[in-house]
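First the structure, in the form of C-alpha cells, and then the observations on it.
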Amino acid sequence: MEEQQRRALRRGRARLVAALRVEPLWEPLEQRGLFTRPMLEELQSAGSRGDQARQLIIDLETRGKQAFPMFLSILRDTGQGDLAEMLIQECESRLVPTQLPDLRPVELKLREEKQRKRLLLLTGIVSCWISQQALRIRGSLIVACPCQDYEMKADPCGYCLILNNVNFSRESDLSTREGSDIDCEKLERRFKALRFTVLVRRDLKAQEMVLELLKLSRQDHSALDCCIVVILSHGCQTSHIQFPGGVYGTDGKPIPIEKIVNYFNGSNCPSLRGKPKLFFIQACGGEQRDQGFVVDCDSPEDEAPGGSLESDATPFQAPSSNVDEPDAVACLPTPSDILVSYSTFPGFVSWREKSSGSWYVETLDSVLEQYAGSEDLLNMLLRVANAVSAKGRYKQIPGCFNFLRKKFFFVC
C-alpha cells in the first residue's frame with residue numbers, strides 16, 4: 001500500500017472505528033482476496049465492533065497496492081460511500097508536492113589521480129533528504145521517514161509486572177536466590193522512572209505466576225502504549241516451538257517462556273495489538289558453563305564462580321510421553337510487536353552475585369539509566385550484551401528474540 005494511503009487510513013481511523021459497519025464487509029473482503037478466512041475469523045474475535053474495526057484498519061495497511069482502492073469499492077458496495085469519500089479527501093489533502101532544489105551536475109577535478117574523472121554531484125540532495133526530510137502540512141511538520149517509532153504518549157506508558165522468586169520449597173531442590181531482591185528493587189525503581197505502573201509479586205508457585213500473567217493479559221490496555229513483564233527466577237531448558245527456555249515457580253514446576261509470551265500475543269490480548277510487549281528474563285537457559293575463547297585483548301577478570309557468585313541453572317527434564325503438552329501446538333499465531341530479552345544464551349547458566357544481584361540486571365539497569373533518553377531499546381541491549389560478555393572467568397552473553405516492527409524508545 002502506498003504511503004499516502006496508509007496515512008489516510010491512520011488519520012481517518014477514529015472516524016472509521018466510530019462509524020464503520022463491519023458485518024457487511026467480511027464476505028466481500030474474502031471474495032476479493034484481501035483477507036483469508038482464518039484472518040477474518042481472527043478479526044471477528046477481536047472483541048467489540050469498535051475493536052474489530054480498529055484491527056481491520058491496522059491490518060489493511062499491510063495489504064498490497066490494490067488494497068486501498070478495493071477497500072473503497074467495498075465501502076461503496078456496502079452502503080458506506082460517505083466513509084469512502086472521507087478517505088479519498090483525507091488522502092488527497094495530504095498530497096503536498098515536495099520541492100527539490102535545482103539539481104545540476106558539478107565537475108570536480110581530482111588532482112591526485114593520473115586519470116581525471118568526471119563526477120556528478122547532486123547538490124542539495126543530501127541536506128534535503130537526510131537533514132530536512134520532511135513535509136510541511138497544514139502548518140505542522142511531519143517527518144517523511146520510512147522507519148517509524150512506536151508511539152509512547154500515554155502516561156503512564158503501561159504496566160510493568162515483575163515476578164521475583166527468591167525462596168523455593170524443599171521439594172523443589174532449588175536453592176534460595178540471594179541477591180534477587182536487589183535486582184527487583186533496581187528494576188522497580190528504573191521502570192517507575194520510565195513512567196510505567198510497576199506491579200511486583202514475590203515468591204509465587206507456578207500456577208500463581210500463571211494467574212498473575214493471565215490477569216495482566218486480560219486487562220484493558222487500550223489507553224496504554226506498552227506492556228513489560230520481568231521474571232527473576234531459576235530457569236531451565238524446555239521443549240519449544242517459538243521461544244526457548246522455561247522459568248520455575250517456587251514449587252519447582254516450570255513454565256515455558258513460550259507460554260508466557262503467548263498470553264500477550266495478538267490473539268489472546270487484543271488491546272495490546274500493534275503495541276510493543278517486552279519480556280526480560282533473568283534465569284538460566286541450561287546448565288552449561290561457558291569458559292569462552294581467547295581473544296587478542298584481555299577481558300576483565302571478575303570473581304570466578306564460587307564464593308558469593310551463583311547460577312540460576314537447573315537440569316533439563318524432557319517431558320514423559322504420557323504428559324499432555326498444550327503448549328507444543330504447531331499452529332500458534334506468529335508473534336508480532338514482541339521482544340524477549342534473555343539474560344543468557346539458551347542452554348547456558350546465568351550468574352548472580354549475592355551482594356549486588358545478577359550481572360544481567362545490574363548491567364541492564366545501568367544502561368537504561370545512561371541511555372534510555374537517547375537510544376532505542378535494541379541499541380541498549382547490544383550495550384548490555386557487550387558489557388556482560390566481558391565479565392568473569394566463566395562467560396555469559398545475553399541475547400534477545402526480536403519481533404518488533406518499529407524502533408522502541410522509552411519516554412524519560
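For all residues, glycine too, the Cβ spot is worked out from N, Cα and C.
Automated prediction, rather than curation, is the source of TrEMBL annotations.
According to TrEMBL:
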ACT_SITE  His234  active site
ACT_SITE  Cys284  active site
DOMAIN    1-90  domain 'CARD'
DOMAIN    156-288  domain 'Caspase family p20'
DOMAIN    328-412  domain 'Caspase family p10'
REGION    296-323  region 'Disordered'
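According to DSSP, the secondary structure content of the domain 'CARD' (1-90) in residues is 66 helix, 0 strand, 24 coil. Straight-line distance linking the Cα atoms of Cys284 (active site) and His234 (active site), rounded to a whole number, equals 6 Å. When the neighbouring Cβ atoms lying within 10 Å are counted for each of the active-site residues (His234, Cys284), the highest count belongs to Cys284. DSSP places the residues of the domain 'Caspase family p20' (156-288) in helix, strand and coil in these numbers: 38 helix, 36 strand, 59 coil. Over the domain 'Caspase family p20' (156-288) the predicted model carries a mean pLDDT of 92. Mapped onto DSSP helix, strand and coil, the domain 'Caspase family p10' (328-412) counts 27 helix, 18 strand, 40 coil.
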